[in-house]
Amino acid sequence: MTQPPPPCSASWPATRAGAVLRVDLAALVRNYGHVAGLAQGAACAAVVKADAYGLGAAQVAPVLEQAGAREFFVAHVDEGLALRPYVSPQARITVLHGPRPDAVEACLANGLRPVLNSLEQIGWVQAVARQRGTVVDAVLQLDTGMSRFGLSEADIHTLANDPSAFDGLSLSLIMSHLACADNPQDPANAMQAARLRAYAALLPPAPLSLAASSGVFLGPDYHFNLVRPGAALYGVAPQTGQANPLEAVVRLQAHVLQTRQLRAGDRVGYGLTWQAPGPCRVATIGVGYADGFARQGAALGCAWFKGRRLPVVGRISMDSMTVDITDLPAGELEADGMVDLLDATHGVDAVAQAEGTIGYEVLTSLGRRYHRVYDTAGVAHPGS
Ligand SMILES: *Cc1c(COP(=O)(O)O)cnc(C)c1O
């Protein structure tokens, strides 16, 4: 039986947390539909590693399965074990890093499909297959240029010349991963696709997979038999410098904890690094670097209120930051109000730009102490 997802919001009231993180599951489903539609002809898996990029795999995966995803990818065996109860028994869970020797049993006993990234790893899994007297369904990962995971060209030739190389294994996918897919002009993309084709021709026939989110947007030459999007499902822009065709999935609203009037020359925050240039009003809000808003984002960071930009002033503290609300009409935003840190038009990529990082890191850094609300409007929510 599939375990119903945990309740849609924590049982403690929103007002006890510093901020409310809303996850729009209908937008998630539309993003999945958009990506799967682009990759027509290939199956569309869903990557839900790192707790679905911080959004909650137990909530996100069942909704994606309902939307048509039949395959899920996680990084570690532990993540696969945690996910297993939340998707149907038919749903396939693949472990990108594959198991280390002491985790092969747990991986196989729980129906997790291992990715085999090295000759050693192939050996570990074959040893257990032999003990169990079974054939293990597995994925082979090939290194086509990123030098991170997968079999090297030399490994591939070793396997190709060994008639017993795949004893005890049934290869249901051969995959690789693109290093530069966010830039369609990068010649590494076509080089990696060509290597995947050439290497796979040396190995037993199996479906092929190369594209993650950005790779899907490179076009049909990159789709092969299965695409593996993660970030795009959660609203991250797939191509740098291009308009983002995906919808924001998260909205983060922070509580205003205190407001105050400053005189010219008053200073704000640790180190007193910011000085009021004239009379101004500031608000302190309940989100800080412990909640995923990096200190180095302070200079360019901001919150939003009714379409107006409220710049961060001074350093970001662990549990709070202070924003300039001078431009708001008096009385419009008081203690107990809320401001947006992420919304439909100012999303994780905008915050990433202020922090000098990428949307992926902003998403996966979002704090664990937000009050989370899973918005199910328009979604046939499993378990309900
Ligand atoms: C993380 C990951 C993905 C998903 O990548 P996105 O860019 O988030 O779509 C796909 N394949 C592999 C091997 C990964 O590590």
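Every residue, even glycine, has its Cβ placed from backbone N, Cα and C.
Marked as active site, proton acceptor by TrEMBL: LYS49, TYR270. Under the heading N6-(pyridoxal phosphate)lysine, TrEMBL lists LYS49. Residues or ranges marked as substrate binding site by TrEMBL: ARG148, MET318. What TrEMBL lists as domain 'Alanine racemase C-terminal' is 249-375.
For the domain 'Alanine racemase C-terminal' (249-375), the number of residues in each DSSP class (helix H, G, I; strand E, B; coil) is 24 helix, 47 strand, 56 coil. Note: the Cα of TYR270 (active site, proton acceptor) and the Cα of MET318 (substrate binding site) are spaced 11 Å from each other.
MET318 (substrate binding site) counts 11 other C-beta atoms within 10 Å of its own C-beta, drawing on all protein chains shown. Between the recorded positions LYS49, ARG148, the minimum number of other C-beta atoms within 10 Å of a residue's C-beta occurs at ARG148. Mean predicted confidence for the domain 'Alanine racemase C-terminal' (249-375): the pLDDT average there is 95. Cα spacing between MET318 (substrate binding site) and LYS49 (active site, proton acceptor): 26 Å, rounded to the nearest whole number. Around the Cβ of TYR270 (active site, proton acceptor), 11 further Cβ atoms fall within 10 Å across all displayed protein chains. DSSP gives ARG148 (substrate binding site) a coil state; it is part of no helix or strand. DSSP classifies LYS49 (active site, proton acceptor) as helix under the three-state reduction. The two recorded residues, LYS49 (active site, proton acceptor) and ARG148 (substrate binding site), have Cα atoms 17 Å apart.
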